Amino acid sequence: MSDLSPEEQWRVEHARMHAKHRGHEAMHAEMVLILIATLVVAQLLLVQWKQRHPRSYNMVTLFQMWVVPLYFTVKLHWWRFLVIWILFSAVTAFVTFRATRKPLVQTTPRLVYKWFLLIYKISYATGIVGYMAVMFTLFGLNLLFKIKPEDAMDFGISLLFYGLYYGVLERDFAEMCADYMASTIGFYSESGMPTKHLSDSVCAVCGQRIFVDVSEEGIIENTYRLSCNHVFHEFCIRGWCIVGKKQTCPYCKEKVDLKRMFSNPWERPHVMYGQLLDWLRYLVAWQPVIIGLVQGINYILGLE
């Protein structure tokens, strides 16, 4: 085997696998049925869990998103990913710590949204570059730069994974921090009425005055009025909707018209990108658990 080329070794292993499983068609059909049944049941249970206890579902999903890739990283010795993961975790842990303190420091909301918006933009750009690299390789454009197809594909898939993975993580952490900060400020609660009355001159996201004089201390920024007539800092409400994954007014919980907020056609892909990240969260966090459960069932039943 050592004298064969990688392609020939793959063919030999493939032939051995077919010879090993020849005549086991009934067993394979049973394994497929177990896989389909487990996927359906698991999906139903996850949907019910998310609807009935969204807070615990989000926390467990976030923990799995954070830990599962780490296991494969250490196992496969992907040290570059591990270094980036440690740096991201360290800064995010500090930002999350600031967001969960009481009383909340006035500059904390903007610090939180700036950090997660930065990660969001970096992950978005990284994912786009990775996707373009994959498509260029599929069309053979890598040959124009004398790059091997396997190298170009590895580069594109790596960037695509980095962009999507950290895009999911930052949105989940941002959502958690947004809930803590808004609840601490008092203009927002997950259920029930706010604990404070919102003045027209105060932003419910950051708790700071919206309109300030030049001689006064405060944040001078463009404002945005929702269809419910509540006014916010433009940076804050965009961070609330894009980064914090909220689609309701921070004060009255009326549905936010995202199409009106993102009237610029160049901004609308950010909304679709967020929906893609929500789908990927299930794929990364729960798919390995479901596959492990299927393997356990097959092992108990003596299927191979």
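Cβ coordinates are placed from backbone N, Cα and C, and glycine is handled just like the others.
Annotated transmembrane segment per TrEMBL: 31-49 (among others), in sequence order.
Per TrEMBL, transmembrane segment is recorded for 56-72 (among others).
Residues 66, 69-70, 72, 111-112, 115-116, 119, 162, 166, 169-170, 173, 176-177 of the same chain, all 6+ positions outside the transmembrane segment (78-97), place their C-beta atoms under 8 angstroms from a C-beta of that stretch. The feature transmembrane segment is assigned by TrEMBL to 78-97 (among others).
Per TrEMBL, transmembrane segment is recorded for 118-140 (among others). For the transmembrane segment (118-140), the list of distant contacts is 88, 149, 152-153, 155-164, 166-167, 170-171, 174, 242-243, 270, 273: same-chain residues at least six beyond its ends, Cβ to Cβ under 8 Å.
The transmembrane segment annotation in TrEMBL covers 152-169 (among others).
Residues annotated as domain 'RING-type' in TrEMBL: 203-253.
Sequence annotations record features per position, and here TrEMBL assigns transmembrane segment to 279-301 (among others).
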Study note, to complete from the structure: Within the same chain, the residues 6 or more beyond the ends of the transmembrane segment (152-169) and with Cβ under 8 Å of it are 62, 65-66, 69, 81, 84, 88, 92, 119-120, 122-137, 142, 273, 276-277, 280-281, 284
